[in-house]
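**Student:** First the structure, then my questions, so here it is.
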Amino acid sequence: MLWLALGPFCAMENQVLVIRIKIPNSGAVDWTVHSGPQLLFRDVLDVIGQVLPEATTTAFEYEDEDGDRITVRSDEEMKAMLSYYYSTVMEQQVNGQLIEPLQIFPRACKPPGERNIHGLKVNTRAGPSQHTSPVVSDSLPSNSLKKSSAELRKILANGQMNEQDIRYRDTLGHGNGGTVYKAHHVPSGKILAVKVILLDITLELQKQIMSELEILYKCDSSYIIGFYGAFFVENRISICTEFMDGGSLDVYRKIPEHVLGRIAVAVVKGLTYLWSLKILHRDVKPSNMLVNTGGQVKLCDFGVSTQLVNSIAKTYVGTNAYMAPERISGEQYGIHSDVWSLGISFMELALGRFPYPQIQKNQGSLMPLQLLQCIVDEDSPVLPLGEFSEPFVHFITQCMRKQPKERPAPEELMGHPFIVQFNDGNSTVVSMWVCRALEERRSQQGPP
């Protein structure tokens, strides 16, 4: 048992902090830090890298008062962990209890053979760590671009792949600080979607990108876009994912209900999978729903996703037009806000237009909040019953309840008659619709 003599929270600056790094099946290593409140997330990862040199650690966890594991993968979440720990220490001191070290649990990426499910390899061209002992420098920069680049290298170092293996073809779109290309991976012959991102971007965008990588490594679902890996060259990071030849749903016109129902099943299953990991998508919209000619439907672009801490969050990110009323109002939100976005997205796909006529979406930019006030003030739009089935109308109506707690929970979504009706595994319906739509698009474009 280890004792810490900690004074009031305001005096923590001068106190010694002991962090106990738990090693799976091998005990633990204690690390003494003399300036705990100034400790950075990057510093902890560097020391974990020395304790576990064979693993690539991208995050770590600690336990809250209920014994639940909370993930730390940024300086902001690091501060939240330290604040929680110091408040616990103060309470223990008041009660005359023994003070335990701060226990953390490294979370390493899966081994390359297990993680890289699509058979590609990755090379970030990263050099070895410059730290040789578990000592933290008090002068390390907290928000430098160099540090962010090193963090990217740390996460992505898991194989052998370079830019010379990639042949870029068409531009698929823009977003989240980068451009997405259709590309050919020469050694494997695979077609990829490659998001290329310049690093001279805002720190907030860097944080979003890091979040996306973390979630892509974690996810293993047939309803989430497949992650091949990434490579780092000069001032660019390239993220390689599965290519969906049908593209995103925002480019399609009005979708028939029998097709939309089967698409909805896949999207709900994808969201339910994320929610089971305590992850909010936060940017559910048609352009982040991809289809292919095989009839598969997958969620993509987790650039604004993050671990759901204590089942609630309070930040401003995402695409305003699809935000739930509580998000537009700046209130707390959780899973039920994703449910609203699900509802308004499928209402748009069913109608072939955005459900609020007074809102003209400006593609690629966030809208002024005053233009979205109608979503907060007005009653939710309703699908016309004469044009759509009663189960579908009810599904959308429930998802778009103004009060978050009145919207369906994940298990209620999967059990809704509309979802149950189309949960038949019939991907042929979606496949035929995608192929037909692509053929119509090609015929309208004419010969090249």
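Glycine residues also receive a Cβ, built from the backbone N, Cα and C atoms like all the rest.
Annotated region 'Interaction with MAPK7' per Swiss-Prot: 18-25, 117-131, in sequence order. The annotation domain 'PB1' is assigned in Swiss-Prot to 18-109. What Swiss-Prot lists as region 'Interaction with MAP3K2/MAP3K3' is 64-68, and the listing cites experimental evidence. The region 'Disordered' feature in Swiss-Prot is assigned to 116-144. The compositional bias 'Polar residues' feature in Swiss-Prot is assigned to 126-144. Per Swiss-Prot, the feature domain 'Protein kinase' maps to 166-419. Among the features that Swiss-Prot reports, ATP binding site is placed at L172, G173, H174, G175, N176, G177, G178, T179, V180, K195, with the record citing sequence analysis. According to Swiss-Prot, the feature active site, proton acceptor maps to D283. The phosphoserine feature in Swiss-Prot is assigned to S311; the stated evidence is similarity to another entry. As annotated by Swiss-Prot, phosphothreonine applies to T315.
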**Student:** DSSP says what for the region 'Interaction with MAP3K2/MAP3K3' (64-68): how many helix, strand, coil residues?
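**Tutor:** Taking each residue of the region 'Interaction with MAP3K2/MAP3K3' (64-68) in turn, the totals are 0 helix, 0 strand, 5 coil.
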**Student:** Tell me, what is the mean pLDDT of the region 'Interaction with MAP3K2/MAP3K3' (64-68)?
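**Tutor:** The average pLDDT of the model in the region 'Interaction with MAP3K2/MAP3K3' (64-68) works out to 80.
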**Student:** Would you mind checking how many other C-beta atoms are within 10 angstroms of the C-beta on V180 (ATP binding site)?
**Tutor:** 22
**Student:** Determine the most Cβ-crowded residue among the recorded positions L172, H174, G178, D283, using a 10 Å radius around each Cβ and all protein chains in the structure.
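**Tutor:** Answer returned by the neighbour count: D283.
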**Student:** Distance check, please: Cα of the residue listed as 'active site, proton acceptor' against Cα of L172 (ATP binding site), rounded to an integer number of angstrom.
**Tutor:** 19
**Student:** Would you identify the secondary structure of D283 (active site, proton acceptor) according to DSSP, in three states?
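**Tutor:** Reduced to three states, the DSSP call for D283 (active site, proton acceptor) is coil.
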**Student:** With DSSP assignments reduced to helix, strand and coil, which class does H174 (ATP binding site) get?
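**Tutor:** Assignment for H174 (ATP binding site) reads strand.
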**Student:** Need the DSSP three-state call for V180 (ATP binding site) to compare against my parser.
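**Tutor:** V180 (ATP binding site) sits in a strand per DSSP.
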